[in-house]
Amino acid sequence: MWDQEIRQMASSHAIMASGVFMATVVPAVLVPGFSVYGTHLLWLYSVAGAVSVVNITLFWLLGVSSPTKKHTITYKVSRLVRSCLYLLLSCLFFHTVVILYGAPLLETALETFSLAVLLTSLTTLRCVCVLGPNVQAWIRVFSRHGAMSVWDTSLQMVVGCSVVGAWLGAFPIPLDWDRPWQVWPVSCSLGAVIGYLTGLVAAPAWIHWHRKHLTYKIK
């Protein structure tokens, strides 16, 4: 019963992964001297921008977000403002967490905040697109057995993989290897993007494998 929605999810995830690929290839063609390591912040913001545009467009076209009963202009503007506010707070939250985990407070503030922007585009933005600016719904989805649709399950997996990828990416930084990808925050942002791509692949595959045991209802 889930085959159509799983195919829809797999197709949309393929487009999202293609967005990351294009965000890496297009600047390499258009910008002289561009590289993931050498011009890392440019690549980081290119990926964050591509992920944001693709996610917002796809989820809007698919109509995944829960329908709202109110259709007034005032309500829609309020919803948009709250979404932007949550994204800004997410950037500040990730920035604070990364500093608490040992990133320099002032020396690399721009790099740290850029990583926070990337993490927000990979995680919080997807929450806003799928669930809307509804913190209670976010808490419900990320609680045990809180998923109510296949999109909720994919949200759990993609967000989890992105955060874990960024965390794992921090491990090589203190090692005495003197590699360009050990410069802050290259390995963390690469880990986050690799984790994001892993989640995009793993979510539809896991849901397809367990589809006979899924009992939640489509929202």
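Keep in mind that glycine also has a Cβ here, set from the backbone N, Cα and C atoms.
TrEMBL annotations: computationally assigned, not manually curated.
For the transmembrane segment (12-30), the list of distant contacts is 36, 39, 42-43, 46-47, 49-51, 53-55, 58, 62, 154, 193, 196-197, 200-201, 203-204: same-chain residues at least six beyond its ends, Cβ to Cβ under 8 Å. Per TrEMBL, transmembrane segment is recorded for 12-30 (among others).
Counting residues 6+ beyond its ends, the transmembrane segment (42-63) has Cβ neighbours under 8 Å at 8, 12, 15-16, 19-20, 22-24, 26-27, 31, 34-36, 114-115, 117-118, 120-122, 125-126, 129-130, 189, 193, 196 in the same chain. Feature annotation from TrEMBL assigns transmembrane segment to 42-63 (among others).
Residues of the same chain lying 6 or more positions beyond the ends of the transmembrane segment (84-106) and with a Cβ under 8 Å from any Cβ of it are 112-113, 115-117, 119-120, 123-125, 128, 133, 135, 170, 184-185, 188. The feature transmembrane segment is assigned by TrEMBL to 84-106 (among others).
The transmembrane segment annotation in TrEMBL covers 112-132 (among others).
Residues 9, 13, 101, 115, 119, 122-123, 126-127, 130-131, 141-142, 147, 187-196, 198-200, 202-204, 206-207 of the same chain, all 6+ positions outside the transmembrane segment (153-171), place their C-beta atoms under 8 angstroms from a C-beta of that stretch. Summarising the annotation, TrEMBL assigns transmembrane segment to 153-171 (among others).
What TrEMBL records for 183-209 (among others) is transmembrane segment.
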Non-local residues, at least 6 beyond the ends, that sit with Cβ under 8 Å of the transmembrane segment (112-132): 41, 44-45, 47-49, 51-52, 55-56, 59-60, 64-66, 68, 79, 83, 86-87, 90-95, 98-99, 103-104, 138, 141, 151-152, 155, 158-159, 162-163, 166, 184-185, 188-189, 192-193, 196
Folded-back contacts onto the transmembrane segment (183-209), same chain, C-beta under 8 angstroms, at least six residues removed: 2, 6, 9-10, 13-14, 16-17, 20, 36-37, 40, 44, 47, 51, 98, 103-104, 108, 111-112, 114-115, 118-119, 122, 150, 153-154, 157-170, 172-173
